[in-house]
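K.L.:
Pasting in a structure now, in structure tokens, and then I'll have a few things to ask.
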Amino acid sequence: MRLATWNVNSLRARMDRVLEFMRRSEVDVLAVQETKLADAAFPVQPFEELGYQVAHHGLNHWNGVAVLSRVGLDDVQRGFPGQPGYGDPAVVEARAVSALAGGIRVWSLYVPNGREQGHPHFDYKLAWLKALGEQVSGQLAADLDAALVLAGDYNIAPTDADVWSVEYYADKTHTSPPERAAFQGLLDAGLSDPVRAFTRAPKTFTYWDYQQLRFQKNRGMRIDFMLCSDAVRDRVSGASIDRDERKGKGASDHAPVLLDLLDTAPPTGNAR
DNA sequence: ATGGTTGATGGTCAA
């Protein structure tokens, strides 16, 4: 089974690219972020014609997340318990949706950007991640064998190797100690990032700003992840970042991240 | 070239 995550930065603007990606990439489950669509505006039919079921969560032209699956799509959850809101009055934004697909609970997550250190949005980002971590901890405490994938745009570069310039980001967001601690909190909750082992080359990124020829200069960040519970991690056979999708006219500023799973965990070495 | 990209929008804000 092949899973992928992709911040498309407007599905409407990216429709041709996304459909072409799905036609050629053999992806069974795709987690999409930043559709920038309300549910009523989501173009369900073109995906259904390719054999995918759609679970979309969008309230307006900001955020918007979806899970697309051709291996079943059940028990859709919009948002997660305890998910913080933002603004006055606080609104719970469309940043999390999940479904059971192919026996795995797959989340599509769009973590708040944070904007600037000290900005209210930054505190919102940390609170959002804390609440997410508590949910994961609770689920894995209840079922150590739960098959979970938390795919999405985390808007955090967990290590210095995940940014093109440590100095450039020193006073910005995405690399600060509290953000990295929040990301580590998810790992401490029982998740792991199996993609990294397959994408070890230096300066491997998933996002490049549109400005300043950042992609052409490979000045990017690794901020998109597919965090997995142990039950899923034990089935991983490969992973990759589809850098080609960042090329050319009409590209998203993020590239898709792909993860391949064996049908069942290998028989040796994983007994609990 | 007083700029820088893109997208949703219809003035600017967000990323």
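The backbone N, Cα and C atoms fix where each Cβ goes, glycine too.
Note that the coordinates shown come from a computational prediction; the quantities given were computed from them, not determined experimentally.
As listed in TrEMBL for this protein:
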{"type": "ACT_SITE", "residues": "A:TYR110", "note": "active site"}
{"type": "ACT_SITE", "residues": "A:ASP153", "note": "active site, proton donor/acceptor"}
{"type": "ACT_SITE", "residues": "A:HIS254", "note": "active site, proton acceptor"}
{"type": "COMPBIAS", "residues": "A:239-252", "note": "compositional bias 'Basic and acidic residues'"}
{"type": "DOMAIN", "residues": "A:4-254", "note": "domain 'Endonuclease/exonuclease/phosphatase'"}
{"type": "REGION", "residues": "A:239-272", "note": "region 'Disordered'"}
{"type": "SITE", "residues": "A:ASN155", "note": "site 'Transition state stabilizer'"}
{"type": "SITE", "residues": "A:ASP224", "note": "site 'Important for catalytic activity'"}
{"type": "SITE", "residues": "A:HIS254", "note": "site 'Interaction with DNA substrate'"}
K.L.:
Would you mind sorting out which of A:TYR110, A:ASP224, A:HIS254 (the recorded positions) have a C-alpha within 10 A of the one on A:ASN155 (site 'Transition state stabilizer')?
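P.N.:
Those near A:ASN155 (site 'Transition state stabilizer') - Cα within 10 Å - are A:TYR110, A:ASP224, in sequence order.
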K.L.:
Calculate the distance in Å between the alpha carbons (Cα) of A:ASP153 (active site, proton donor/acceptor) and A:HIS254 (active site, proton acceptor), and round it to a whole number.
P.N.:
9
K.L.:
Which whole number is the mean pLDDT over the domain 'Endonuclease/exonuclease/phosphatase' (A:4-254)?
P.N.:
98
K.L.:
DSSP on the compositional bias 'Basic and acidic residues' (A:239-252): how many residues come out helix, how many strand, how many coil?
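P.N.:
For the compositional bias 'Basic and acidic residues' (A:239-252), the helix, strand and coil counts are 4 helix, 3 strand, 7 coil.
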K.L.:
Can you name the residues of this chain that are 6 or more positions from the residue listed as 'active site, proton acceptor' yet have a C-beta less than 8 Å from its C-beta?
P.N.:
A:TRP6, A:ASN7, A:VAL8, A:ASN9, A:GLN33, A:ASP153, A:THR206, A:TYR207, A:ASP224, A:ARG246
